[in-house]
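Note sheet for the following structure.
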Amino acid sequence: MKLNSKLGGMVAAALLAGTMLGGAASAQTLTMGLRAGPDSIDPHWSTLGSQAEALRHIFDTIVMADENLQLKPGLATSWKPVDDTTWEFKIREGVKFHDGSELTAEDVKFSIDRIPVVTGPMSMTIYTKQVKETKVVDKYTLHVITKAPAPTLPNDFIRLFVVPKSIGMEARNEQFNSGKAAIGTGPYKFVSWEPKGDLVLERFDGYWGQKPHWQKVIRKEIPNDPARMAALKSGQVDLVNYVPATDYAAMQKDKSVDTFIADTVYFFNITPNVKETLPKPVKVDGKEIAENPLRDARVREALDLAIDRKTLVRVVLEGLGKPANQLMPASFFGGNKNLPERPYNVAKAKELLAAAGYPKGFEIDFFCTNNRLPGDAAVCEALSQMWARAGLKVNANALNGTVFFPAQQKGEFPLWMSGWGTLTGEASYTYGSLVHTADPKTGLGAFNKQGYSNPEVDALLQEGARTMDDAKRRALFEKVTEISMNDRALIPTVQLQTVWAAKKGTMVIPPRVDQETLAYEIKPKS
Amino acid sequence: MIGFLIQRVLQALLVIVAMSIIVFLGVYAIGNPIDVMIDPASDQALREALIRRYGLDLPLFQQYFVFVNNMLHGDLGESFIYRLPVLSLIFSRFPATLELALCAMLIATCLGIPLGLWAGYKPDALSSKAIMAFSVLGFSVPTFWVGLLLIMTFAVELGWLPSGGRGPTTNVLGMNLSITSLEGLSYIVLPALNLALFKLGLLIRLTRAGTVEVMSSDYVRFARAQGLSEGKVVGLHVLKNISIPIVTVFGLELGSTLAFAVVTETVFNWPGMGKLIIDSITVLDRPVMVAYLILVVFLFVLINLVVDLVYGQLDPRIRVKASS
């Protein structure tokens, strides 16, 4: 009995401590419950979006991106091509690092040179692969010399974080994680971090830009969806990101939370394999046939016409999406504003299938992920049912990403759907990888596993890659978008939207297409 | 006794070798981890370079031998993602899981054995029936669902306890523990309760079955005839005689709790080893997966060894057999 009463006392005290903790958070502290976080505090460690999102608080980039991923000045106030292979960056004057030293062009040069030296899992060299060398012209001017004309260099630099030269080339992962080398020019200073745990930040008073509202920021990593939502409702965190569609529906009726919704750069695209032979032949009347029906443009158009995009958005995604007619938002550089909305017409789809020689349709396997982006598996199943109305038998297989991506890379799928985000905000990133003929020599078409090849598209993309004139390049990419979308090289379905939630009436979260949750952009509700 | 130990160690080595081959083949069959990690902006040359850097271009058997060679030198490899030695990564998560598992076992044992004894001692009482009904619930309701229910009730509705995470820790003997402070304890209560539920049900049923059987045996009748109090009969004779199956199950359960607290750790965002393995699986961090599973095998072998030694203490006949 004695033991019991002691235990009871302990539990009661523990309960008390828990409640006090909930109420203790002051108005100056922002606690965020986010789905993913960094793998290291070294800003050149990995190209993962969650890595950049977290480290953007501590480090600044040379070029910054606004909420629609369009370029804006960062640590460089301006940039312009001096000749075909040289970019001139003017570095902002009077910027202080967290250790009090001043930013100069030397630090920017050091940061670019440091990238190939870092041995992270996903090398950032993809952002510097066009760079041949960097030259410091004077204290605030930097010349970047590229291997060939590189019109997209400023876009590459939106993920290029600047660290002080004083940390030295030897600074490794451990020095950053312990905070010793975690010195940036960003709005927040590093306090502490543990892998997959909390990242604690403190406001930097010498910041060159607008002073953020929150004195202290705690970034909690909570990957599990229900756990993250519970953390918000129990008051453990002030806001959460990636609210699942089902919770979003409930939250709209909930008086204790505010929700914020934004378009994302993520699109679900269907990819038809147009190689001579499919990895697994399609069946007509239960018998395998030798030819690949997806090579016929009429069949691809029929697949497209049979998709009811409005229903996908309204029913399957609980309203969290928009019908898509190309692989990225039309407002992005190289997006085509003249493309029409894609119609839904089952009767015409059936006609086209019959004209192509498949009056009774065919049977095909269809693959997608089930844990990569919200709603991926549900959209996949809905699509197979929509195609069934046009007379096709589509076997939908939703796989874990760890199984899906290696198999996709090996070319094991005849027809698949995956999510793709245009993270640089311009067309060459997406169309160059997905639509250009796979060509290891130019490095283009790295993700073109469907065998699509159109010499006209290839020529336009290659010309775009070396055209420095923005207006001309834009026109070239718009043409690429038009041709490849009419060819149905890939079939876009929906653009996803994302939701944040916060305690009612406490703050304003500005929507960003890259889904980043940036504490310094979040303001209290006045 | 020494022969017994040597035999055990050899068995363990064999199991570890077999396990490493199975895990290696399994992970290899899934495919190339580079394809899961790779950034969409990269080109073919970068992909090739990455594959070479991780040695994934080598044939399977060669990759396996590189791995075994490193393991023999005490090196289980480096995580693909963190580039930290796998062992230190896993052991940095070990204290969190250890204290969670021990708290859960403590709850299960302190409640399960007395409740089971009572249910076996008075099988027809209403309270016993209630206990048995509860025990069925304990291991038939899925863990994740109970976890969410606990969070909804105690964190969201009542606001008494935190909904997840690990709270503040203090350093004890080089391990960061949360059970040393009250605030830390408030974080461990719900996940430990959640993890304990299945074991609680199991222990109740096991103890009850043993008690019912033993209560009707001769020595209990003799003990009563000797005039021993009921408390002594149950607490001494009955408990000691039913403890062998309980110790076995306790050992196995402790092992599986340490190794596979995955669901609870995920639901409560508890930064233990279970969460590490799940995070590693989602990015195919091969070195962590392989090393973790090998450590789990090792852990089970070790626990079974300890269980066998405890048997000897509980039942002298086993000691005699082992020494002969």
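Heads up, the Cβ atoms here are built off N, Cα and C, so glycines get one too.
Residues annotated as transmembrane segment in TrEMBL: B:12-31, B:96-119, B:131-155, B:175-198, B:242-263, B:289-311. The feature domain 'ABC transmembrane type-1' is assigned by TrEMBL to B:94-311.
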Intrachain residues whose Cβ lies under 8 Å of the transmembrane segment (B:242-263), provided they are six or more past its termini: 97-98, 100-101, 104-105, 108-109, 113, 143-144, 147, 195, 199, 202-203, 206-207, 210-211, 213-214, 270, 272-275, 277-278, 296, 299-300, 303-304, 306-307, 310-311, 314-315
Same-chain residues near the transmembrane segment (B:289-311), Cβ under 8 Å, at least 6 residues beyond its ends: 4-5, 8, 11-12, 15-16, 19-20, 23-24, 27, 67, 71, 76-77, 86-87, 90, 244, 247-248, 250-252, 254-255, 258-259, 273, 276-277, 280-281, 318
Cβ-based contact of the transmembrane segment (B:175-198) with the transmembrane segment (B:12-31), 3 or more pairs under 8 Å: no
Cβ pairs under 8 Å between the transmembrane segment (B:96-119) and the transmembrane segment (B:131-155), at least three: yes
